[in-house]
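K.L.:
Sharing the record's features from Swiss-Prot:
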DOMAIN    5-70  domain 'HMA 1'
BINDING   C16, C19  Cu(+) 1 binding site
DOMAIN    72-138  domain 'HMA 2'
BINDING   C83, C86  Cu(+) 2 binding site
TRANSMEM  161-181  transmembrane segment
TRANSMEM  192-212  transmembrane segment
TRANSMEM  224-244  transmembrane segment
TRANSMEM  256-276  transmembrane segment
TRANSMEM  411-431  transmembrane segment
TRANSMEM  438-458  transmembrane segment
ACT_SITE  D495  active site, 4-aspartylphosphate intermediate
BINDING   D690, D694  Mg(2+) binding site
TRANSMEM  748-767  transmembrane segment
TRANSMEM  771-790  transmembrane segment
Amino acid sequence: MANTKKTTLDITGMTCAACSNRIEKKLNKLDDVNAQVNLTTEKATVEYNPDQHDVQEFINTIQHLGYGVAVETVELDITGMTCAACSSRIEKVLNKMDGVQNATVNLTTEQAKVDYYPEETDADKLVTRIQKLGYDASIKDNNKDQTSRKAEALQHKLIKLIISAVLSLPLLMLMFVHLFNMHIPALFTNPWFQFILATPVQFIIGWQFYVGAYKNLRNGGANMDVLVAVGTSAAYFYSIYEMVRWLNGSTTQPHLYFETSAVLITLILFGKYLEARAKSQTTNALGELLSLQAKEARILKDGNEVMIPLNEVHVGDTLIVKPGEKIPVDGKIIKGMTAIDESMLTGESIPVEKNVDDTVIGSTMNKNGTITMTATKVGGDTALANIIKVVEEAQSSKAPIQRLADIISGYFVPIVVGIALLTFIVWITLVTPGTFEPALVASISVLVIACPCALGLATPTSIMVGTGRAAENGILFKGGEFVERTHQIDTIVLDKTGTITNGRPVVTDYHGDNQTLQLLATAEKDSEHPLAEAIVNYAKEKQLILTETTTFKAVPGHGIEATIDHHYILVGNRKLMADNDISLPKHISDDLTHYERDGKTAMLIAVNYSLTGIIAVADTVKDHAKDAIKQLHDMGIEVAMLTGDNKNTAQAIAKQVGIDTVIADILPEEKAAQIAKLQQQGKKVAMVGDGVNDAPALVKADIGIAIGTGTEVAIEAADITILGGDLMLIPKAIYASKATIRNIRQNLFWAFGYNIAGIPIAALGLLAPWVAGAAMALSSVSVVTNALRLKKMRLEPRRKDA
């Protein structure tokens, strides 16, 4: 191979020599490729002709065989971006780099997220490439105070704006002369006076536009800086030309446009300041989450209590938390009891009772008892840290609706420059032949009214504010695409156990005396069955003392037999009673039938062959489940229940909460197939679940929603996590999605509409340059301000017919 290139890839999933041989053989079948795969190092070294192949082709080949290629992710802070053309260009360049799998650049957060193959490239190369484009970039430091950095940058913008405004204000007086024929002192019309004020604005305050324009043009791109630099320079240097003519005596009344260039720069700086200030408010939700973290912890060392910084707490440390203090990290109580305010996590204002062996979550508030706990998760592994990570990823992700704006942003500035040149030519040749000034003014107006910034900000600002507001309410979207997909949902499928119900059986009905209950609970206390646990807890709530069982025997399919203090106990179904010649009074038989029809597990109790009681146990429906399902129905969404339970139990639960469609007797592995059936009917399906067996269905659904009290597997598989398990958050999540997408559409309509209408109006000469500049400055501000309305969004779903 004359022209060769070598690359190394880390391969995952190989288990034996057959795997490495298979990959090597497949790669070597490609033309002009020489590949060697090492099982020990788990690396593939590939020599190839870059004119025929690229690295992505090898990666696709390996992945098609069922193996993986190791990918690393880095987040970068980028400064110097002024509009969507900047972020679009950086993203395009990064995605063309060797070894980059995917890169997204967010103008609002001023960050890039890059997935790359570590054997092909590294974070330093990514940073260097961005810097070559003319922007400052660095690897994101999670320990760095981003808020203070942004505050300093905002303060710097304000200082520049004030200086620019002070210098431009006297020049602004000249506009009032043109508009209202006002009389002003002669000093203001003096060319030297105007030159002295306008020059520092143009070349000191406005130098950032020249630098940005130069860097972009040097790298074959164009952004807002190009438009501002060209537009203001045209006005400034034409004024210099007129001033030279005045000095030479060629004219006694030069037509100067110093005020146009200076006021334009001031207005644009004003718009950028307002935009930056508004953008800083979009990240408030993340700041509020970060502020919830405890700053220090009280650790028990050698019997002494010592206060240490939070980052010095390790897994296994013994911590003491007193009333009114925050739980420092995730852990388990080993001593004491208390009530914990978990509202920051679940939104539930009522404190939760906690005892020994109960789990506590970091950053929740200890209300009224001193507890000793063991740290189980610290640092980035805590529940709050994971929530913050999910919110950050969602806020920096892109929704599919943004693609059109990104495509247009890439071509926007060159097109606008072309329109401005065409405007100049048409004016000077056709509209006002031979007259330079009207052509110049119209073309400057075209340059400065065009605003790619509004296009670039339309989607990410709404996503940031919308996902932040949702997170404040306990709803975690894992990305912008899931925000967009959720608003299309027309069918929601709910798992029963742990989702609609609490997932733990409790005694719902008992008829009998305390002695019978005491004997029953004693008989059941050594059993690990959930129903037995419910009975024992019920007896303890009644403060009954449980004794010891003399004999115990399970009767498969029927119940149990036990001897306690010379009492012979039978607990079970009708068949067990019949086998022991115990007759059932009609009212007991009717009660039994009634409980079974309601989906409860009913048990008969006999002491010494005499029927003494009946008890019913059931997994109870969650608070607000019925209200949540009613809200979904009001929104025009079909609701179905999917469960492995028998049809009678499922129908009973469905009736309680108002669900019409019940899919029962389903094996765990069949759940995903049931979701697929609904999708084949053209439905957009969301699956809500909490267990390991729900994970395949969560992945198969258009949107997977995990209940936060569920397993990590379910949460990992889901697109949305509902913290705390309150079903009322499901309609709220859908409404948050609808409100966010509606806001994005409003922003895009304004951004496109503004440019579509503004550019022709400017080209027709109907706008003075300073008016065009003011409109451009305020267009992006209006987009961000509209997005900020989502901060006040009340997550109350609307009726479909409302």
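Quick reminder: no glycine exception, Cβ is built from N, Cα and C everywhere.
So that I understand the layout, could you describe where these features sit and how close they are to other parts?
P.N.:
Sequence-distant neighbours of C19 (Cu(+) 1 binding site) (same chain, 6+ apart, CB under 8 A from its CB) are G13, L39, Y67.
Residues in the domain 'HMA 2' (72-138) partition by DSSP class (helix H, G, I; strand E, B; coil) as 23 helix, 24 strand, 20 coil.
Residue density at C86 (Cu(+) 2 binding site): 29 other Cβ atoms are found within 10 A of its Cβ, drawing on all protein chains shown.
Cβ atoms under 8 Å from those of the transmembrane segment (256-276) belong to residues 82, 150, 153-154, 157-158, 160-161, 164-165, 167-168, 171-172, 174-175, 191, 194-195, 197-198, 201-202, 205-206, 209, 228, 231-233, 235-236, 238-239, 242-243, 440-441, 444, 448, 453, 457, 768-770, 773-774, 776-781, 784 of the same chain, restricted to positions at least 6 beyond its ends.
When Cβ-Cβ distances below 8 Å are used as the criterion, the transmembrane segment (411-431) is approached by residues 84-85, 222-224, 226-227, 230-231, 438-440, 442-444, 446-447, 450, 452, 455, 759, 762-763, 765 of the same chain, each at least six residues removed from its ends.
Mapped onto three states, the DSSP output places D495 (active site, 4-aspartylphosphate intermediate) in strand.
Cβ neighbours within 10 Å of D690 (Mg(2+) binding site), excluding its own Cβ and spanning all shown chains: 24.
Non-local neighbours of the transmembrane segment (771-790) in the same chain are 263-264, 267-268, 270-272, 274-275, 278-279, 281-282, 444-446, 448-451, 453-454, 457-458, 461-462, 464-466, 469, 739-740, 743, 746-747, 750-751, 754, 758, 762; each lies 6+ residues outside the stretch with a CB under 8 Å from one of its CB atoms.
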K.L.:
At a threshold of under 8 Å on Cβ distances, which of 192-212, 224-244, 748-767 pairs most often with the transmembrane segment (438-458)?
P.N.:
748-767
K.L.:
How long is the line from the C-alpha of C83 (Cu(+) 2 binding site) to the C-alpha of D495 (active site, 4-aspartylphosphate intermediate), rounded to the nearest angstrom?
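P.N.:
D495 (active site, 4-aspartylphosphate intermediate) has its Cα 45 Å from the Cα of C83 (Cu(+) 2 binding site).
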K.L.:
What average pLDDT does the predicted model assign to the domain 'HMA 2' (72-138)?
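P.N.:
The average pLDDT of the model in the domain 'HMA 2' (72-138) works out to 87.
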K.L.:
With DSSP as the reference, give the number of residues of the domain 'HMA 1' (5-70) in helix, strand and coil.
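P.N.:
The counts are 22 helix, 22 strand, 22 coil.
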K.L.:
Using a 10 Å cut-off between Cα atoms, which of these recorded positions sit near D694 (Mg(2+) binding site): C16, C86, D495?
P.N.:
D495
K.L.:
If we check Cα distances from C16 (Cu(+) 1 binding site), which of the recorded positions C86, D495, D690 wins as closest?
P.N.:
D690
K.L.:
What is the separation, in Å, between the Cα atoms of C86 (Cu(+) 2 binding site) and D690 (Mg(2+) binding site)?
P.N.:
42
